[in-house]
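Feature list (source: Swiss-Prot):
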DOMAIN    273-308  domain 'EF-hand 1'
BINDING   D286, D288, N290, M292, E297  Ca(2+) binding site
DOMAIN    341-376  domain 'EF-hand 2'
Amino acid sequence: MDWKEILRRRLATPSTSPHKKKSEQELKDEEMDLFTKYYSEWKGGRKNTNEFYKTIPRFYYRLPAEDEVLLQKLREESRAVFLQRKSRELLDNEELQNLWFLLDKHQTPPMIGEEAMINYENFLKVGEKAGPKCKQFFTAKVFAKLLHTDSYGRISIMQFFNYVMRKVWLHQTRIGLSLYDVAGQGYLRESDLENYILELIPTLPQLDGLEKSFYSFYVCTAVRKFFFFLDPLRTGKIKIQDILACSFLDDLLELRDEELSKESQETNWFSAPSALRVYGQYLNLDKDHNGMLSKEELSRYGTATMTNVFLDRVFQECLTYDGEMDYKTYLDFVLALENRKEPAALQYIFKLLDIENKGYLNVFSLNYFFRAIQELMKIHGQDPVSFQDVKDEIFDMVKPKDPLKISLQDLINSNQGDTVTTILIDLNGFWTYENREALVANDNENSTDLDDT
């Protein structure tokens, strides 16, 4: 082709051009095709470098249905074998005694008082001699955790041994609880925890005096504490990890001590005296002996000075049967009122105080409940206190983020939630708060008189 022809084609108009000019849409389509081509090549190159990218890993395992009996049995057996293997990996009593002997043999002088110490070099020597089961405890991380202010860079042998004992106990307990985890997903339902505690009762000497007819009420009393505090969303299940992390299991297993003091038993919710006290109160309130509590019967709880407005809210919000409360619902009520400083208890009471269901308390809510306190004061021949004064005191105590609203988190953060709720629901509690200075003065006078005698 000569240069004349080339020039003619170059100068040709669109209508006479042998190649049509591409439209904007065609250019976009071509660009997308090129992008897809090059992106696919690049992505394909990545796939070739790592076989893992070719498949999506499985992250969901369906639980066997009720009619899939064989699959259920297979799952149960495999879990049982797995838990048995984990149990065999733990230190037994003989191995723990051997560990103590090795630690005592390799202690590093000088002693601090009567406390034996060990340095890092001897610590590693014991780890080598103690066997493979102990390997996880003899790490630099564990040593550093227990290292405090010793000038020789040593740790306490007793503290380390207690650490090992605690770890072994936690693993043993986790395995024990997992045996009752029917679903095998790391949590216990209410019925699972009931079975665990029921089978635990014979191993607790402090519960030997309980009659078997009371076992069901005891189990209900014990289980409610776990679920009230560890299941705030009321899902009906608790993580095994949460059970191990809280102190409730320690309190329950404390009942293994045959010489547990009377004071410890009185303050332990799981003790026989405590369970009998709570159930006895329930029976005393149940005047018509129908096994349930009406609003009138519940009004006699404690000092019998709770307001009718608050009790109305209890029966509106809590689960009742024909307008009456059963023992399980009563336990939640008792746990909330006896532990008002705890977030779970404050959440329970806050829900009752939040009459508009807005997630916060405003002046209207406070006035609604305090009016009932003022009415009770009149009935008892006392001069009613001004609501404005009480309202200002409450907001000063709580110091909410919003100056016109008090949220549940505000109550928890203020550490005054127990005082605020008591002022609003219980005349005796309000009177105690109002006369707190006089009561403190009387206590001081009484203590002075005792000192003089």
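Placed from the backbone N, Cα and C atoms, the Cβ positions cover glycine too.
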Quick one: which residues besides D286, D288, N290, M292, E297 have a Cβ within 8 Å of the Ca(2+) site's Cβ centroid, in sequence order? L285, K287, H289, G291, L293, S294, E324
Summarise the domain 'EF-hand 1' (273-308) as counts of helix, strand and coil residues per DSSP. 18 helix, 2 strand, 16 coil
Counting other C-beta atoms within 10 angstroms, the emptiest spot among the binding-site residues D286, D288 is D288
Tell me which residues of the chain lie with their Cβ under 8 angstroms from that of M292 (Ca(2+) binding site), as long as they are six or more apart in sequence? D286, Y321, E324, M325, D326
Structural state census, the domain 'EF-hand 2' (341-376) (DSSP three-state): 25 helix, 2 strand, 9 coil
Cβ-Cβ distance under 8 Å to E297 (Ca(2+) binding site), same chain, at least six residues away: L285, D286, K287, D288
List the same-chain residues at least 6 positions away in sequence whose Cβ sits under 8 Å from the Cβ of N290 (Ca(2+) binding site), in sequence order, or say none. E324
